[in-house]
Amino acid sequence: MASKEIKFGRTAREKMLRGVDILADAVKVTLGPKGRNVIIDKSFGAPRITKDGVSVAKEIELEDKFENMGAQMVREVASKTNDIAGDGTTTATVLAQAIVREGNKAVAAGMNPMDLKRGIDLAVADVVKDLQAKAKKISTSEEVAQVGTISANGDKQVGLDIAEAMQKVGNEGVITVEEAKTAETELEVVEGMQFDRGYLSPYFVTNPEKMIADLEDVFILLHEKKLSNLQSMLPVLEAVVQTGKPLLIIAEDVEGEALATLVVNKLRGGLKIAAVKAPGFGDRRKAMLEDIAILTGGTVISEDLGIKLESVTLDMLGRAKKVSISKENTTIVDGSGAKSDIEGRVAQIKAQIEETTSDYDREKLQERLAKLAGGVAVIRVGGSTEVEVKEKKDRIDDALNATRAAVQEGIVPGGGIALLRSSTKITVKGANDDQEAGINIVRRALQSLVRQIAENAGDEASIVVGKVLDKNEDNYGYNAQTSEFGDMIAMGIVDPLKVVRTALQNAASVASLLITTEAMIAELPKKESAGGGMPGGMGGMGGMDMM
């Protein structure tokens, strides 16, 4: 086992604080509308330019093991906030640094770290209650656009794109952000349910120019097994032919003789038909087939349920106004499933999302939910260079997450004003002087955001804080973009409550742990072994005459 180095008390906390400061100082320059960029060197390709706090934090690794521990703890604050709220990483980092700094001073002055922690926890709970009381629910598209614009560092177009996407696919819909091949940023909305399986044969195509198969007013047969011959399907095929309507087969696979027979019938014009593979794998495939069945009002043909292909009737088939199939995707628009059944399925998937502990499963369940409840919107990010596209994509991702958070829990005045106002509303009392000191640490830390935003904008922080607090109005604050004072919500400067709340709770949680740390253990660097000397020369070659 390698030797360890141990540091105690004040020495340990000073090292840790230095690490916290290095990381936080690099992250906090990005805060606010006039925050600066950070350039990150990459081992290959062009350097990355970003204003995203968590991207900066993730790149920082310090040489000194003890300093690095402090930095990594604060990095954890940024990552956790990003995971839960999707934004607010810089806010969380600035708050954590402020609480650790103030807490360290109090510990150095001889106060009890555990009582300080209790005081911090009491104050944070009080502030969260105050924030929740003054949060404003958002309902209009304009308010959604405002939140998106703020999170994208004042880019109005991004805010409008996100608002439009949310309007079209609903709050439950999936909105993805991709890199475009052009210089323009555009929004594409896929209505209905889309899954990533295309036609099994190009002969099913009805539009040779676009290479897509469009089927209108279509019957949909859902089968969970492979189809290799059509003998057992003949009764239902004949029934569909009688109606004169097209048929889409969704099965695990359609192969060999079955596929050949379908293609021949399609080419002869006797049968308007297309076949695609079912989406997903294993249990997820079964669940997705069930989703499609509920959306289209059909039944999944499954031997588990005792249904055989021979006994399938027309009323077991799903129906949809339109199905569009490309080489890679199938989109079902306007399925004829009962609204109550779809709502029941949506509620069931929401319950599964609440219960699951796996991020991957949660993501897949959310995709299924979106396909049933709304649709899918894709924001394609354009730009002149790869570096510009990546930077813009980072901002749009942040803005999208912030907007979703705002819809969930509502908004509060932005620019750090909500926390600054809450610092004057903390009414909770500590059980002793040390707990009171913990409460005061939070009071002072809550000013740090407005101070940092003002500093980044080149204004005098103390004057800004003083001016804001002089006026006793909840929404009155400081607009760093224009250096003006006024009603923050009227100016469109808002923050999602979920982001502010999560940032504060995570910052206080990690900062409390750092304050109550008394010892740090790190592995000693391995000593390089001294390099071997030069190999000895050749021994004498006795007995030989030299010519």
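Even glycines carry a Cβ here, placed using N, Cα and C.
Cross-referencing G159, G170, G173, G415 with the ATP binding residues that Swiss-Prot gives (T30, L31, G32, P33, K51, D87, G88, T89, T90, T91, D495) picks out G415.
Of the listed binding-site residues, namely T30, T90, the sparsest Cβ surroundings within 10 Å are found at T30. Binding residues for ATP (T30, L31, G32, P33, K51, D87, G88, T89, T90, T91, G415, D495) extend across at most 17 Å, taking the greatest CA-CA distance. Taking the binding-site residues G32, G88 in turn, the residue surrounded by the fewest other Cβ atoms inside 10 Å of its Cβ turns out to be G32. In sequence order, G32, L449, V450, I453, G477, Y478, N479, A480, M488, I493, D495 are the residues of the chain that are 6 or more apart from G415 (ATP binding site) and have a CB within less than 8 Å of its CB.
For K51 (ATP binding site), other Cβ atoms within 10 Å of its Cβ number 21.
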